[in-house]
Amino acid sequence: MNVENQTPNVDHQEIAKFEAIASRWWDLEGEFKPLHRINPLRLGYISQRAEGLFGKKVLDVGCGGGILAESMAREGADVTGLDMGAEPLQVARLHALESGVTVDYVQETVEAHADAHSGLYDVVTCMEMLEHVPDPQSVVQACAKLVKPGGHVFFSTINRNAKAWMMAVIGAEYILKMVPRGTHDIKKFIRPAELMRWVDDTPLRERHITGLHYNLLTDRFKLGPNVDVNYMLHTSHDKQC
């Protein structure tokens, strides 16, 4: 399948950036260590807010190497992982095979997937992906189209302000070296009010928002009410829309 230049809502520099380090996706001490460390928090939040994942049809948009997708499959969900990076998907498929976990990995844009699979999923997750595409609002609209009436959609991204720049870029990339330099661009960060405005233009309705915090002194992540930097938004499809 030739996916190059298929859509304007793909940043090929972003794709190349993650493909270059895809082989280390499951290295717990490598570039993706923060994703491995926050994954239990993400999984717990999603599972709790969606009232469990067992037996549900789930789509993970921007799945990368499959960290979240695999963990949801282990919870008993029927998971499809969607990404535009060929190398991360290959890593994800191999790791799932080695781990004995079943996930259907697909190289396709979320917009194209929505055109073919409208209303198919009970749960859609879009984690740490919106800040890596040219048109994040288009992704929000596609996610809303993909979920069943009454289903759940989860977004996570980074707030756009001076504190987020200091912590997510200067702190995480240059001082603590938690993620590779160039991973983030503050111009692509998204304020909660912006994300909620995009959500309000769809049949989705906001249900809950939480911040994701890193404590430098304890070297631990936790969920909390402050959404100044990283945050997760739970929405559900309004059956009346």
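Start at 1 and count along the chain as shown; that gives each residue its number.
The backbone N, Cα and C atoms fix where each Cβ goes, and this holds for glycine too.
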Candidate sharing the S-adenosyl-L-methionine site with R42, G62, M127 (per Swiss-Prot), from D27, D78, D83, D104:
D83
Looking only at R42, G62, D83, M127, the residues listed as binding S-adenosyl-L-methionine, what is the longest Cα to Cα distance in Å?
19
Spatial neighbours, same chain, of M127 (S-adenosyl-L-methionine binding site) - Cβ under 8 Å, 6+ residues apart:
R42, D60, G62, L68, F154, F155, S156, M232
Measuring CB to CB from D83 (S-adenosyl-L-methionine binding site), give everything in the same chain under 8 Å that is also at least six residues away in sequence.
G62, C63, G64, L89, A92, Y105, V106, Q107
